[in-house]
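Q: Swiss-Prot lists 25-333 with the feature domain 'Dynamin-type G'. Positions annotated as region 'G1 motif' by Swiss-Prot, on the basis of sequence analysis: 35-42. Look at Swiss-Prot and you will find 35-42, 175-179, 244-247 tagged as GTP binding site, backed by sequence analysis. Marked as region 'G3 motif' by Swiss-Prot: 175-178. According to Swiss-Prot, the feature region 'G4 motif' maps to 244-247, an assignment based on sequence analysis. According to Swiss-Prot, the feature region 'G5 motif' maps to 274-277, an assignment based on sequence analysis. Annotation comment: Swiss-Prot describes 557-597 as region 'Disordered'. Annotated compositional bias 'Low complexity' per Swiss-Prot: 567-580, in sequence order. Annotated phosphoserine per Swiss-Prot: Ser629, in sequence order. Per Swiss-Prot, the feature domain 'GED' maps to 670-757.
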Amino acid sequence: MASLEDLIPTVNKLQDVMYDSGIDTLDLPILAVVGSQSSGKSSILETLVGRDFLPRGTGIVTRRPLVLQLNNISPNSPLIEEDDNSVNPHDEVTKISGFEAGTKPLEYRGKERNHADEWGEFLHIPGKRFYDFDDIKREIENETARIAGKDKGISKIPINLKVFSPHVLNLTLVDLPGITKVPIGEQPPDIEKQIKNLILDYIATPNCLILAVSPANVDLVNSESLKLAREVDPQGKRTIGVITKLDLMDSGTNALDILSGKMYPLKLGFVGVVNRSQQDIQLNKTVEESLDKEEDYFRKHPVYRTISTKCGTRYLAKLLNQTLLSHIRDKLPDIKTKLNTLISQTEQELARYGGVGATTNESRASLVLQLMNKFSTNFISSIDGTSSDINTKELCGGARIYYIYNNVFGNSLKSIDPTSNLSVLDVRTAIRNSTGPRPTLFVPELAFDLLVKPQIKLLLEPSQRCVELVYEELMKICHKCGSAELARYPKLKSMLIEVISELLRERLQPTRSYVESLIDIHRAYINTNHPNFLSATEAMDDIMKTRRKRNQELLKSKLSQQENGQTNGINGTSSISSNIDQDSAKNSDYDDDGIDAESKQTKDKFLNYFFGKDKKGQPVFDASDKKRSIAGDGNIEDFRNLQISDFSLGDIDDLENAEPPLTEREELECELIKRLIVSYFDIIREMIEDQVPKAVMCLLVNYCKDSVQNRLVTKLYKETLFEELLVEDQTLAQDRELCVKSLGVYKKAATLISNIL
């Protein structure tokens, strides 16, 4: 295990590693300096470094976070000696050795150095040492303007500066922009919000220590730095308070209660400092002289001399060093644990991306065949329901096909009413048209054929829709069955999908044609001898029962109306009673089966008529009946005397348009035909509901399952296509490259931490 003093340099190396890689997922221990403008932040930092190196001016000067790494080196450090042995101070360009053996020589451009044992380095200019701290100041200004612009805008991108000196303690601080309330000059209108959000991004992390700087000549209740610190650290466990400008307080006042923690308690306490005055800066007083003056001030002050050993910038530097060391020591085990987790997660992510792509023809052929097999296996298993990635939230794959067959298709067939588009007049017209100019003795079977065939065709549309829905579902399965490894090769994936889509399109039309032929087959031959087909006798019996029930309901309704009209008088009552007696007598002659004599007689006559003969084997209607039906109740002789010339085509059209009311015989004929249509349609509907899914499975689903592997190999397994198919997705390649880079950074960081734990 390394010494405690190695902790801060180790964290500095971790910060460098993270900065170089552009990865900020590791929450490293830092010490952020927060304060209002002109609160003395810059003076504290310069005093800690011992040199003037920060830009100064009015308004916002610090417009980007400055990560300041102070590295203590001994006067006899090999770094200095190596540098002196390889540097000619009069050269415009000088090369010096790196910090580690085997690294490229470093370069710097600049003037002759006055302090060879003190220098600064920027991470954005690797290999360049700044021995003149005025050059460091100018570089900070230039780098700030390069990213944040020349106006007064701010940026969250930090500037990383390393300072090597025998006169500093190992320390890492982040100088944040000063808090401002009112935009001045070219500052953005929301500058206060921007700065506050930037500061909170740093100090909100639990691993950040907060150095809250407050001037002594401003009431502590108005301290913006303490206000922000309290938002993220309400218990004051990781906040160090610094009271500046103690020498500028009003006469007779002091900050002893604040420094002793009585007014605003902080676990890490308050430290009072005296800043370098502007006069000292103008007189070019050294930082060392300012530090001696500060110590003399606290030692001789009547109030502060009792706590003088815990005041001043030198004490602040030691306190920050010790506090940061303890903080790092406490947080490093958690950081190591987090690093191990990140390494594991990154390795898993890298495994999903896969290794480096195939480079030889043999490896390409093997990879293409492997991905083809996996794709076709996923396609088949998704249909069969054996996939390992089955969705538990909704139906998918083969389950959706089953749902189409049994719910969508079945319900669409059941919703068809075969007689909804047939009126009674349509049925009567079909019966008439089927007989032509000839008179008929019974209902022609041709009329039934003419009417039932168009109704069977109503089953075609839902059947074709069933085929299309299954086709669309197979398309969805095809697009979703790609593996994560296949996502690396978008060209191969698109070609696999295209080949299967082409196979599905090829099978769609034969399936549609076969389903259409099923409908045509059932329309080609009407089998009235089907065992489930309703016989004429059964149909007629249903009709008569329906009529009897309707007559009973009409009778009840009539009786109810007559009872309600009894208030009309005795005569009315007698009349009603007479009518009731007549109706009762008419409807009382029911046989044991519930059929009245009149209805039974009508039924028997119509059945004999339907089959052409009565019980004696004679035709039911003779020529005189037909003549009476044509002539009506008028004079037959007048009808015979009519000449054909008395009729015109217009009269015939008028007769056709003015359809006479249906006779009882015609009503029975139409009702019988409609019932037979419903019976036969139900038989065909049941057959279609069973046959169409079988046809779709055979001609479309199973065919594609059996052919997909051979089709993929035939179309795509060609050596001339391998290189084109295995072109890797650029975005995914970049992600994998970033993943490899992150994994290297995490492992390097873990090694650094392991060396000191």
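Cβ atoms here come from the backbone N, Cα and C positions, even for glycine.
Tell me about the surroundings of these features in the structure.
A: Within the chain carrying the region 'G1 motif' (35-42), a Cβ under 8 angstroms from the stretch's Cβ atoms is held by residues 54, 56, 59-62, 175, 178-180, 212-215, 223-225, 242, 244-245, 273, 275, all 6 or more beyond its ends.
Classification of Leu246 (GTP binding site) by DSSP places it within a helix.
Long-range contacts of the region 'G3 motif' (175-178) within its own chain (CB-CB distance under 8 A, at least 6 residues past either end) are made by residues 32-39, 41-42, 45, 54, 60-66, 68, 154, 195, 198-199, 202.
Beyond the region 'G4 motif' (244-247), the same-chain residues lying 6 or more positions past its ends with a Cβ under 8 Å from any Cβ of the stretch are 39-40, 43-44, 213-217, 254-255, 272-275, 297, 304.
Through the fold, the region 'G5 motif' (274-277) approaches residues 40, 43-44, 46-47, 244-247, 285, 287, 290, 293-294, 297-298, 312 of its own chain, all at least 6 residues removed from its boundaries and within a Cβ separation under 8 Å.
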Q: Provide the number of Cβ atoms within 10 Å of the Cβ of Leu176 (GTP binding site), excluding the reference atom itself.
A: 26
Q: Only counting partners 6 or more residues apart, tell me which same-chain residues put their Cβ under 8 Å from the Cβ of Lys41 (GTP binding site).
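A: Expected: Val33, Gly35, Thr62, Asp175, Gly178, Val213.
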Q: Could you work out which of the binding-site residues (Ile179, Leu246) has its C-beta surrounded by the smallest number of other C-beta atoms within 10 A?
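A: With the binding-site residues Ile179, Leu246, fewest surrounding Cβ atoms within 10 Å: Ile179.
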Q: Just to be sure I understand, if DSSP states are collapsed into helix, strand and coil, how many residues of the region 'G3 motif' (175-178) fall in each?
A: 0 helix, 1 strand, 3 coil
Q: According to DSSP, does Ile179 (GTP binding site) sit in a helix, a strand, or coil?
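A: It is in a strand.
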Q: Just name the most isolated of the binding-site residues Gly35, Ser38, going by other Cβ atoms within 10 Å of its Cβ.
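A: Minimum Cβ neighbour count within 10 Å, taken over the binding-site residues Gly35, Ser38, occurs at Ser38.
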